[in-house]
Amino acid sequence: MQMVPSLPPASECAGEEKRVGTRTVFVGNHPVSETEAYIAQRFCDNRIVSSKYTLWNFLPKNLFEQFRRIANFYFLIIFLVQVTVDTPTSPVTSGLPLFFVITVTAIKQGYEDCLRHRADNEVNKSTVYIIENAKRVRKESEKIKVGDVVEVQADETFPCDLILLSSCTTDGTCYVTTASLDGESNCKTHYAVRDTIALCTAESIDTLRAAIECEQPQPDLYKFVGRINIYSNSLEAVARSLGPENLLLKGATLKNTEKIYGVAVYTGMETKMALNYQGKSQKRSAVEKSINAFLIVYLFILLTKAAVCTTLKYVWQSTPYNDEPWYNQKTQKERETLKVLKMFTDFLSFMVLFNFIIPVSMYVTVEMQKFLGSFFISWDKDFYDEEINEGALVNTSDLNEELGQVDYVFTDKTGTLTENSMEFIECCIDGHKYKGVTQEVDGLSQTDGTLTYFDKVDKNREELFLRALCLCHTVEIKTNDAVDGATESAELTYISSSPDEIALVKGAKRYGFTFLGNRNGYMRVENQRKEIEEYELLHTLNFDAVRRRMSVIVKTQEGDILLFCKGADSAVFPRVQNHEIELTKVHVERNAMDGYRTLCVAFKEIAPDDYERINRQLIEAKMALQDREEKMEKVFDDIETNMNLIGATAVEDKLQDQAAETIEALHAAGLKVWVLTGDKMETAKSTCYACRLFQTNTELLELTTKTIEESERKEDRLHELLIEYRKKLLHEFPKSTRSFKKAWTEHQEYGLIIDGSTLSLILNSSQDSSSNNYKSIFLQICMKCTAVLCCRMAPLQKAQIVRMVKNLKGSPITLSIGDGANDVSMILESHVGIGIKGKEGRQAARNSDYSVPKFKHLKKLLLAHGHLYYVRIAHLVQYFFYKNLCFILPQFLYQFFCGFSQQPLYDAAYLTMYNICFTSLPILAYSLLEQHINIDTLTSDPRLYMKISGNAMLQLGPFLYWTFLAAFEGTVFFFGTYFLFQTASLEENGKVYGNWTFGTIVFTVLVFTVTLKLALDTRFWTWINHFVIWGSLAFYVFFSFFWGGIIWPFLKQQRMYFVFAQMLSSVSTWLAIILLIFISLFPEILLIVLKNVRRRSARRNLSCRRASDSLSARPSVRPLLLRTFSDESNVL
């Protein structure tokens, strides 16, 4: 009996990814021998827990997570200082805003977690049927244990990860959809091992005695390694290998199959679906980094203000009679307090007084803006694709503004730039090109050059080639007829994860060889004579991105064993006899230059003795539980040698609609586009010309195997080419200007082509003096090229390219877009990852930050949505710091007139409500709805994108502009009111207002000015903007009347009683408020007027030039200010 390996403690059961070793699962939880003791297994139960909190740990855990944010922790410290130290303001002023922010966030997270709890309970309490003692037993899903045999009916979801034992079909197959896991809606076929196919009843399945050895849980949906040991009465184990085709994943749905039986191998939080709950590594946008930098600057300003006021307080008190009057002598405790300690206490008090310069509510507003703003992408009807009946999807809202800051775009070719809708065009057999089909069934239409004729070229070779196309694939067949087997009259539907394979099978069908499907391990083919041929499928050597080929080993009805192989020319040519290559190579290169996807086809006969050895090696490799993939790859390499080349195929993959226009727009926007593909150079190069990545006047620089192999020493030749190309580019671009994007149109354009083997040579070059800087020189060349094509790239090489560019000086923002599993690595590596909802599965879309149906949607996503998102959030950030500096500066200036006594200028209610109620909604509405430029203009004039690149609106210049504007306005608020107070004319009875009235006037001017400033900046008015802007001002007035019109019993001092009403009873106060608001906004209004005059003048000159010039010219690009202040017409 096989013993259960040592298990981790129960606390480590869920979500552990870094486990080593294997686990043993006993089918039905029965021992394999009745005579030996059964050791109970310890695995996780089948409960799914996607929630973060429980009822008892929600409060401490949520608070801990929220106070890890620096701003929240800072305000907590301020609040504690107010509670413990005698500060000038009430703890409520900082405690209430902090409480509001914490409460809103906690409610949001608690509600989301409540929904997760509800969803978990629906899954955990669902009904399942377990086979126990040959009977169907009804249980709740959460009570499934590892080893239980589960019965699943049609259209039901698998409750855990199961190994398929049997199904209602005679061949032990079942159809599954995994739409809830990876978004793929097409049916996939899964298989049971042949020894358990017949066990299709509860009674028979209960007699099975077997043990499954498999890897520990890991999150990859497409990988599984295991074996099943089946014990007969003689206790002789029969071992069968298990792979992903035998594993039914939790969350997938059974389709077109009445029922199946499977044994649970992974349950609960160890299922692949649960392990995939964990999010991808957190990506931070450039705006977030700018916010942190601004916080540091304003924290420095805060500390400086507190230090200055503390110092000046003691300087002022050092003057005789300034410290204390004779009637207010110090107490004994105050006299005994150390002066240093008193100074430190005063310093803390000033920090509390000025702490509102740090915007605590900004984080909440930014989060709401990102979350709500992401819906505009999902709601955009232009992203809807009728073919797949889907639109765009936002997987993360944290990177919306990053879409407006992209410098480099890395794109896949197949399925991204092209349709991935393959059509068989032609083939080449033994160096002869065949195109089209004749009415004769005994020959193909052969064309060489311009001459078209029919020739009986070795009939056996033709049929061998077509049989290879019909047999060497993983295509599955679905017939609309439910009769026994496919017939000529039945309508065949081919299903495969690879559109190439479907195109080849359909191409063979055009020439008279029809693939009829796989039944009980036999592949059935109808030949040109309408005869049914059967081939026993012995082994499938699956395709992978490293090998770039796939093979099958079949046995004919005559008993011959054949290996058919198809793959890229670079993967097949080295494995066939050299004298067979040249004729076929000519056609392959010609087809590649025409933009077709090419595959080479080869075969070899395997002697029975050789097959016995091969079969033994394959079984041993498939049975391995450790390093199975590496062992199988080694066996595949040994098998796929000394083959005979038959021919090659050419498949057309049409360019996607508007792909060329999209790339042109990206180039015009200043973005550098790189194509990273696994295709051969000629095919990719042709596609790049077709999609206008390369222009006719683009000079191409090649770093490929072909150019490197001109020399005996590859590294020497590589070094020569790198130096040559760098000199040429440095001569063309003598200075590395900051605006190198504009230089593209002023100099000769260059494009670079590099293949995977040359890239490996660059990255892994020997560390001698001549080659240790290959990478640096290569990057210098790349930066000077307008476009780069990387062909023959492995998935990891794509990620290496992205990582190299990310680490360039200046940290350019990278975006990767692709549609297949081989693009996932570069999508995860880049700053922004975009997945195409393509025909090669949804792995790319599932691992991306955003997913769109087509490549053409990238244009609007970046040029319109990205532009607007960046402008909105950049304005939001600058505005928050601006309005808080306006808020605090009068408080700071007031200390010079109150003996630095820490006397607040504003009432505590105003301190509390300023950021929460009076000024928060207008900027939130602006940051969601603002369109400073029309969307059609943004997409039609890509050059506008360059105006905001490089995080332009959050650089030092705009930051200083907003800071000085706030300083100017804050000074006007305070000193304007102060000088108006010099006369007694503000009140009719000649009395002068008190300090609370003074502060209320300043605060009123402040609220109206910062709100009207936002109104001046708004270019796109909606009813929501009107409501929140004028509504906020009305609410402030109403609140002030309400707050000052009632004697509140919970207040010790009624400071504000009747202050606001008395203030507005004076006509002079009204005039003063209006005058100060106008003076504060006058620079803004003046700038608007000047910009409008300049705009009208520019339009008039442009009209004159157009009238005098017969050639149509594009409209000049209107410069976008580094702040969002408008030179467009204003509704206001």
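Backbone N, Cα and C atoms are what each Cβ position is placed from, and that goes for glycine too.
The annotation active site, 4-aspartylphosphate intermediate is assigned in Swiss-Prot to Asp412. Close to Asp412 (active site, 4-aspartylphosphate intermediate) in the fold, though at least 6 residues off in sequence, lie Val675, Leu676, Thr677, Ile817, Gly818, Asp819, Gly820, Asn822, Asp823, each with a CB less than 8 Å from its CB. In the three-state DSSP classification, Asp412 (active site, 4-aspartylphosphate intermediate) falls within coil.
As annotated by Swiss-Prot, Mg(2+) binding site applies to Asp412, Thr414, Asp819, Asp823.
In the three-state DSSP assignment, the secondary structure recorded for Arg597 (ATP binding site) is strand. The Cβ of Arg597 (ATP binding site) has 25 neighbouring Cβ atoms from other residues within 10 Å, across all protein chains displayed. Swiss-Prot lists Asp412, Lys413, Thr414, Glu501, Phe543, Lys566, Arg597, Thr677, Gly678, Asp679, Arg792, Lys798, Asn822, Asp823 with the feature ATP binding site, giving similarity to another entry as the kind of evidence.
Under the heading phosphoserine, Swiss-Prot lists Ser445 (among others).
Summarising the annotation, Swiss-Prot assigns phosphoserine to Ser1108 (among others).
Among the features that Swiss-Prot reports, phosphoserine is placed at Ser1116 (among others), with the record citing experimental evidence.
Look at Swiss-Prot and you will find Ser1126 (among others) tagged as phosphoserine.
Per-residue pLDDT, averaged along the motif 'Di-leucine motif' (1116-1121), amounts to 35 for this model. The annotation motif 'Di-leucine motif' is assigned in Swiss-Prot to 1116-1121 on the grounds of experimental evidence.
As annotated by Swiss-Prot, topological domain 'Cytoplasmic' applies to 1-66 (among others), with the evidence given as sequence analysis.
According to Swiss-Prot, the feature topological domain 'Cytoplasmic' maps to 108-290 (among others), an assignment based on sequence analysis.
The topological domain 'Extracellular' feature in Swiss-Prot is assigned to 312-346 (among others); the stated evidence is sequence analysis.
Per Swiss-Prot, topological domain 'Cytoplasmic' is recorded for 368-879 (among others), and the stated evidence type is sequence analysis.
Per Swiss-Prot, topological domain 'Extracellular' is recorded for 901-908 (among others), and the stated evidence type is sequence analysis. When DSSP labels each residue, the topological domain 'Extracellular' (901-908) comes out as 1 helix, 0 strand, 7 coil, counted as helix, strand and coil in that order.
The topological domain 'Cytoplasmic' annotation in Swiss-Prot covers 930-955 (among others) and rests on sequence analysis.
For 977-995 (among others), the entry in Swiss-Prot reads topological domain 'Extracellular'.
Applying DSSP to the topological domain 'Cytoplasmic' (1017-1026) sorts its residues as follows: 5 helix, 0 strand, 5 coil. Here Swiss-Prot flags 1017-1026 (among others) as topological domain 'Cytoplasmic'.
It is 1027-1047 that, among the stretches 880-900, 956-976, 1027-1047, forms the most Cβ pairs under 8 Å with the transmembrane segment (909-929). For the binding-site residues given as Thr414, Asn822, the lowest number of other CB atoms within 10 Å of the residue's CB is seen at Asn822. All protein chains considered, the CB of Phe543 (ATP binding site) has 20 other CB atoms within 10 Å.
Note: the Cα of Phe543 (ATP binding site) and the Cα of Thr414 (Mg(2+) binding site) are spaced 17 Å from each other.
Long-range contacts of the transmembrane segment (996-1016) within the same chain, counting only residues at least 6 positions beyond its ends with a Cβ under 8 Å from a Cβ of the stretch, are 879, 882-883, 886-887, 890, 894, 904-907, 910, 914, 918-919, 922-923, 926, 969, 973-974, 976-978, 981, 1029, 1032-1033, 1036, 1040, 1055-1056, 1059-1060, 1062-1063, 1069, 1072-1073, 1076-1077, 1080-1081, 1084-1085, 1088, 1125-1126, 1130, 1132.
Each residue contributes its Cα atom, and for Thr414 (Mg(2+) binding site) and Arg792 (ATP binding site) these two points are 12 Å apart. With a cut-off of 8 Å on Cβ pairs spaced 6 or more residues apart, the transmembrane segment (880-900) and the transmembrane segment (1027-1047) reach fewer than 3 such pairs and are scored as not touching. At the 8 Å Cβ cutoff, the transmembrane segment (87-107) and the transmembrane segment (347-367) share at least 3 close pairs (sequence separation 6 or more) and count as touching.
Local packing around the binding-site residues Asp819, Asp823 was summarised as the count of other Cβ atoms within 10 Å of each Cβ; on this measure the leading residue is Asp823.
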